[in-house]
Amino acid sequence: MTNPIYINQKEIQKRYKQPGKHTHKGIQGHALIIGGSYGKIGAVSLSAKACLKTGCGLVTVFIPKCGYTILQTAIPEVMVLTDIQEEKISNITFEIAPQAIGIGPGLGQKIETQKALHQFLKTNKTSLVIDADALNILSQNKEWLSLVPPKTILTPHPKELERLIGKWYSEEEKINNTISFSKQHQVIIVMKGAPTQIIDGETVYENTTGNAALATAGSGDVLTGMITSLLAQSYEPISAAILGVYLHGLTADIALPETGYQSFIASDVIANIGKAFLSITV
Ligand SMILES: NC(=O)C1=CN([C@@H]2O[C@H](COP(=O)(O)OP(=O)(O)OC[C@H]3O[C@@H](n4cnc5c(N)ncnc54)[C@H](OP(=O)(O)O)[C@@H]3O)[C@@H](O)[C@H]2O)[C@@H](O)CC1
Ligand SMILES: Nc1ncnc2c1ncn2[C@@H]1O[C@H](COP(=O)(O)OP(=O)(O)O)[C@@H](O)[C@H]1O
Ligand SMILES: [Mg+2]
């Protein structure tokens with residue numbers, strides 16, 4: 001099996017870029033998070049807040065109408081665009097020009113939403129992070145993978161990965177099948193787990209941060225926001241994936257002495273992003 005490259009402090013120092021002294025929100029990147037459905041607007045809220053807290057200058061969400069007041073109240077810093085439908089996304093249209101798009105958290109898999117994703121992929125040219133239900137929809141329509149831009153970042157948890165690449169019977173088979181998938185579709189795959197591994201063609205990276213406190217609802221939605229933020233800030237896709245996964249894990253390592261494993265929730269990831277950044281810049 002291919003030896004992994006460990007994602008540690010040294011690997012991060014090579015990739016991290018300090019924001020310039022004269023930067024402004026217009027050049028810190030504009031990210032768009034697309035997702036949400038009735039009862040799952042929280043997933044987009046978490047993603048969008050994490051996106052902002054990872055340094056993106058501007059964040060817009062595209063959600064079904066039912067999420068409008070929720071989002072505007074929960075995170076006043078985020079701009080909100082709504083679908084024509086109340087409870088699900090059915091037609092993804094926008095006039096902004098984001099540098100990166102994260103799609104999938106809380107999206108649901110209704111047939112109208114599947115069609116909307118297909119239409120979106122046919123015309124989209126922006127760098128993408130694909131998570132959750134957007135991955136599940138792609139798993140049911142594998143021919144649409146030819147529409148995703150090269151170096152798109154997919155962030156499956158083990159069940160989503162299985163839906164995408166099929167069952168495996170050993171760790172080695174899982175890695176090898178994911179490498180084949182990555183090469184075939186020219187995508188970067190963040191295989192979330194303990195530990196998270198990132199596959200970019202033949203190259204395998206293994207994260208060294210994080211702990212079981214992350215086994216909590218919404219922590220993956222937060223990761224999607226963080227990686228999308230870094231992508232919008234002009235990090236290369238592989239660096240955005242590596243830095244995002246490392247910082248995400250670091251928040252749990254930093255918080256653990258205060259929260260213990262049990263009381264740590266996805267919002268605690270977001271609350272500790274600042275400390276995580278500070279600890280990689282010392
Ligand atoms: N507040 C909100 O709005 C939230 C909204 N959310 C949104 O909900 C939507 C559905 O997403 P989802 O991931 O909950 O459902 P789904 O894809 O069926 O996977 C669940 C199954 O996968 C497995 N599994 C998972 N992790 C595993 C692991 N580490 N290791 C091994 N297995 C693992 C496990 O399967 P089992 O082991 O039980 O067979 C589990 O039952 C999606 O849009 C998401 O964004 C959520 O993010 C929560 C907060
Ligand atoms: N035991 C664990 N140790 C380390 N990281 C974990 C553990 N359990 C979950 N995680 C991390 O938490 C996140 C969970 O993502 P996901 O399953 O998509 O959650 P959600 O869909 O609820 O947001 C992933 O980044 C995963 O690596
Ligand atoms: Mg998830």
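The backbone N, Cα and C atoms fix where each Cβ goes, and this holds for glycine too.
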Practice problem: Can you match one of G106, G108, G260 to the (6S)-NADPHX site that TrEMBL gives for A43, H157, D221? | Solution: G106
Quiz item: Of G218, G220, which does TrEMBL put in the AMP site with K192, G193, A194, P195, T196?
Solution: G220
Practice problem: List, in sequence order, the residues of the same chain other than A43, G106, H157, D221 whose Cβ lies within 8 Å of the centroid of the Cβ atoms of the recorded (6S)-NADPHX site. | Solution: G35, K40, L46, S47, G104, P105, D131, A132, G218, G220, T224
Quiz item: Out of A194, P195, T196, which binding-site residues lie by ligand 1, with a C-beta less than 6 Å from some atom of it?
Solution: none
Exercise. Work through the binding-site residues one by one (G106, G193, P195, G220) and point out the residue whose CB has the fewest other CB atoms within 10 angstroms.
Key: G193
Practice problem: Measuring Cα to Cα, tell me the gap between A43 ((6S)-NADPHX binding site) and A194 (AMP binding site) in whole angstrom. | Solution: 21
